[in-house]
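A quick write-up on the structure given underneath.
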Amino acid sequence: MLIFILYRDTPVIKASNTELSCFLLFSLFLLTFVSLVHSETFCRLQNHFEPAFMAQGDFLLGGIFPLHYNQEMPDLNSTYRPFDPRAFRWALTMILTVDEINQNKELLPNHTLGYKIFDSCAYPLTGQRAALAVLNGVTEEGHGVCSGASPLLISYFSSCACFTDRQKYPTFFRVIPNDDYQVKALAQLLVHFNWTWVGLIRGDHEYGRFAVQGLLRELQEIIQVGDKYFQSFKNSIDAKVVVVFSAEGEMTPFLRDYMEQNITGIQWVASEAWVTASVFSGSVYYPYLGGTIGFGIKTGYIPGLGDFIQRVTPYVYPSNPLMQELWEALYGCAPVSPSDSDLPLCSGDETLLEKHAAYMNTSSPRVAYNVYKAVYAVAHSLHNLFLCQPGAGEKLHNTVESTYTNCLFIIVSLDSIECRECPEDFWSNSDRTACIPKEVEFLAYDTVGIVLTVISVVGACLTIAVLVIFFYHRNTPIIRMNNSELSFFILLSLTLCFLCCLVFIGEPTAWSCMLRHTVFSITFSLCISCILGKTLVVLAAFTATRPGNNLMKWLGPKQQRAIIFISTLVQVVICVAWLIDAPPHPFRNMEYERSKIILECSNGSSLAFWCVLGYIGLQAGLCFLLAFLARNLPGNFNEAKVITFSILIFCAVWLAFIPAYISSPGNYADAVESFAILASSFGLLLCLFVPKCYIILLKPEKNTKQHLIGKDKK
């Protein structure tokens, strides 16, 4: 205004009507002054009446609610004062929730919650004063400078996307989705109904600015957006759809002027801040706001809220000025003789005004349910903090994030509780008073280890016994016809396969980890190579009788040894490359179970590990294919059939091993691999050699060449 007076003779000021401009500026000044005085009058919260808006406890929670409106509210019935019963219900919800938690013996035992509730008046300046009072003092006249560390703030109604920046607001959390989700839904709604010319109105604050930016970003290149006020709707713009991002308190004076313009036929799309506001549900608004759509806040259930609200009356708490304001807003009368009100005295039989019926509707609360969740989020976080459990607050809809990554122990000295992280190899005791060493687990010589050891030793002894039997009867037809040299190689490799299982038992060391997979893979590769060589010999022997077939001369003893050597050498090369590049090594797994350290062998290179298994699978598959082709060859003792069945069992065991190994951690993975080694080894031993031992020991009369080739006389 001073600038306009000083430069009143300039053309730009003269052209804009100097007197009228100065008058408008002076009016704005008076309006601002009256607004502040109004705020001081209605927003100074007293803390000495009941139900108490301040209660002591071991931990004090601050609550800020818009109990009054700084903006002028519609006076449709000449009975309305700038008091918001819905926000008052939110405050009562906080009180009820705190009382409920204090009576819960399982949540925060031996500790109580208190609260300090202040009025923001839906006005930023008053809200800031209330926030400072929460941080520093008992009343709003507290210190103006924060005296402690930055507190944890949990919002029940602030959906502004501006608070998603964790660097700027590291201690801000909320129990309501941010507006990024809302604007995406609203954009899809506009596109769904093919509304391509849309008016856009927002409040002059961060909530409105960020919401509009998000909506424009979502609608970019999809629809045209006109940011015009209702004064232009009637004359120059034909937009029939208007999206409004505003708070309830800001919408009321706007709608009052809008209704005076008598503009109808507008499809309103409301933000969550006012789409469910009860003040706009009255019949007087219906011709203008009827059909308004938007996305509301999720509803919930608060046990006992309805009964609690019904007990809060000015007759029970006559000294509470907020109770009188509540009654004046709900019923249009004064519960006691007022000194500053023209309202009639209440008779006690008043009925609830229609426009405030939502105050008593506690069956599906929205914002009140967010308040309920926010208080419980703090309670669960404090409770888990005392128990030193990670994930404080995550049990309540993932509301509050925790920064604790290990078990902690508490040292008690928003007067403090200190949680110290135990060292990596330690865990807290059951009382959370000291750090104790974590239990170390590995596949030891306990029940599982002893069982595997016994089975391994028994398998090796049985294999050696079969080797002895075969060596003693090496000149008999059944052994000579089935290639005794390859049979001895298979038995020796099977003995090593049984014994290599022992390397998986015991505390992992650098050497044992390297030996586990390399010894196992080389011995199994040697075994399958021998079986592959035997399969080729069987196939060549029975096809050599055909005229002109000289295949057998290419599969003599030297060629058989060369096949075995080359096949095994490939696996040896893979293992050597594995040990040079990324050898297996002991690993302390602390992720699977936080209270234990699982000692296991890390594969070093997962690629090398699966290459080793893949090569064995390739050998087994080739062996199975050749044996399957030779299954119908003549003879009473067709070796190909036995090989086919043994390889089939081998493949089945290792195919079942893969998912079991992947899903088993630590010592269980070692046990699974040991079981697979033993099962496949026993499968090969039983299928390949038990039938021969049966004939050698129990049916010696069948141990003849004629019987084996199927030419004996019946």
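The backbone N, Cα and C atoms fix where each Cβ goes, and this holds for glycine too.
Noted in TrEMBL for the protein shown:
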type     : residues : note
DOMAIN   : 1-37     : domain 'G-protein coupled receptors family 3 profile'
DOMAIN   : 448-712  : domain 'G-protein coupled receptors family 3 profile'
TRANSMEM : 448-472  : transmembrane segment
TRANSMEM : 484-506  : transmembrane segment
TRANSMEM : 518-542  : transmembrane segment
TRANSMEM : 562-580  : transmembrane segment
TRANSMEM : 607-630  : transmembrane segment
TRANSMEM : 642-662  : transmembrane segment
TRANSMEM : 674-697  : transmembrane segment
Task: Spell out yes or no: are there three or more C-beta pairs under 8 angstroms between the transmembrane segment (607-630) and the transmembrane segment (518-542), with each pair 6 or more apart in sequence?
output: yes
Statement: Counting only residues at least 6 beyond its ends, the same-chain positions whose CB falls under 8 A of a CB in the transmembrane segment (448-472) are 479, 484, 487-488, 491-492, 494-495, 498-499, 501-502, 504-506, 671, 674-675, 678, 681-682, 685, 689, 692-693, 696-697
Query: Same-chain Cβ contacts of the transmembrane segment (518-542) under 8 Å, 6 or more residues past its ends?
result: 482-483, 486-487, 489-490, 493-494, 496-497, 500, 503, 551-552, 554-555, 560, 563-564, 567-568, 570-572, 574-575, 578-579, 612-613, 615-616, 619-620, 622-623, 626-627, 629-630, 633-635, 639-640, 643, 646-647, 650, 677, 680, 684, 688
Query: Can you name the far-off residues of the same chain, 6+ from the ends of the transmembrane segment (484-506), with a Cβ under 8 Å from a Cβ of it?
result: 442-445, 449, 452-453, 455-457, 459-460, 463-464, 466-467, 470-471, 474, 512, 515-516, 519-520, 523-524, 526-527, 530-531, 533-534, 537, 557, 560, 564, 670-671, 673-674, 677-678, 680-681, 684-685, 688-689
Query: What average pLDDT does the predicted model assign to the domain 'G-protein coupled receptors family 3 profile' (448-712)?
result: 82
